[in-house]
Amino acid sequence: MKLLALLSLLILMLQEARTASLSEEREGDPYAILHLGDYVLSLDNYDEVIDPSNYDELIDYGDQLPQVKGTSLASLTRTRFTQSTEAARTLPSNPTTARPPTLGLLAAPANHGLPTCLICVCLGSSVYCDDADLENIPPLPQTTAYLYARFNRISHIRAGDFKGLTKLKRIDLSGNSISSIDDKALRLLPALRDLILPENKLVALPTLPTSIEVLDVRMNRLQSSGIQPEAFRALEKLQFLYLADNLLDAIPPSLPLSLRSLHLQNNMIETMQRDAFCDAEEHRHTRRPLEDIRLDGNPINLSLFPSAYFCLPRLPTGRFV
């Protein structure tokens, strides 16, 4: 009986020793109890999108979720997500934007919806819009003094195209298709000196500002009926008048004494008034500034009208036989 008790005690001691040995082995190797065979990775549903609104249904937290004033964390998360979703749905489909800043020197948008100084080249007080496929005069900066918009498709100059441009000195619209100019488009430009409009389709001249010094309307379709009888009388600063290659049948009357150069070649002029250039009653008067008159390319015979140009320092260029 004592032997049986001794054997039982020995077996119990061996089991205790074995258990202690296993515990020490597991504490030395934390991965000893990790069996990778128990973990299976499935790629079939790897790209499945998890909806956060029912996230607490996918994972059962049980009693582990903390309570926030009687509301579970999962419920609170779902509530906030729902509120943010509803807020996103109520955003306006066409949100309003703030008014863009004023363009200043860039000027307002032109034909292409861009500011003028992005379509044209603005250098100081000069604006260059040559060959820019423009159909109208673009809005210009208020400081513009020189405008070059040559070789475009401009067909009409409107009354307000140059409104407020009190510093504008030169307009060059050569090589467009301008057929008409509103009468008020130019006359209110106090600083305008040079108006350059050759190679257009003008049939008449508008009222011009008294500040004009150079007027170039060569190669248009101007007729004598399209020039008012007193069109040039008040232009006391006009020095250069170029009317060549038009459809004129008479020399414009009332030319100012300031005129230095008059080009009328290649028109349809057949006759000349006695007072076209000189005062028939004042034989001692000499019109010295007017030294350059061209009438070549016209059917007129200048030798038939000597009294019309006796006061000139030089004979006009043209046919005398």
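Quick reminder: no glycine exception, Cβ is built from N, Cα and C everywhere.
Taken from Swiss-Prot, the feature signal peptide applies to 1-19. The feature sulfotyrosine is assigned by Swiss-Prot to Y61. The feature domain 'LRRNT' is assigned by Swiss-Prot to 105-142. Annotation comment: Swiss-Prot describes 143-164 as repeat 'LRR 1'. Taken from Swiss-Prot, the feature repeat 'LRR 2' applies to 167-188. Here Swiss-Prot flags 191-212 as repeat 'LRR 3'. Marked as repeat 'LRR 4' by Swiss-Prot: 237-258. Look at Swiss-Prot and you will find 259-279 tagged as repeat 'LRR 5'. The disulfide bond feature in Swiss-Prot is assigned to C278-C311; the stated evidence is similarity to another entry. Annotation comment: Swiss-Prot describes 289-309 as repeat 'LRR 6'. Here Swiss-Prot flags N301 as N-linked glycosylation site.
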Q: Using all protein chains in view, find how many other C-beta atoms are within 10 Å of the C-beta of N301 (N-linked glycosylation site).
A: 14
Q) How big is the Cα-to-Cα gap, in Å, between the residue listed as 'N-linked glycosylation site' and C311 (disulfide bond)? A) 18
Q: Can you tell me which of 143-164, 237-258, 259-279, 289-309 gets the most C-beta pairs within less than 8 Å of the repeat 'LRR 3' (191-212)?
A: 237-258
Q: Given the cut-off of 8 Å on Cβ pairs that are 6 or more apart in sequence, determine whether the repeat 'LRR 4' (237-258) and the repeat 'LRR 2' (167-188) share at least 3 such pairs.
A: no
Q.
Using a Cβ cut-off under 8 Å and a sequence separation of 6 or more, which residues in the same chain sit near C278 (disulfide bond)?
A. H285, R287, S307, A308, Y309, F310, C311, L312
**Q.** All-chain count of other Cβ atoms within 10 Å of C311 (disulfide bond)
**A.** 18
Q: Using DSSP, break the repeat 'LRR 1' (143-164) down into helix, strand and coil residues and give each count.
A: 0 helix, 5 strand, 17 coil
Q: On the DSSP side of things, how many residues of the repeat 'LRR 6' (289-309) fall into helix, strand and coil, could you say?
A: 6 helix, 3 strand, 12 coil
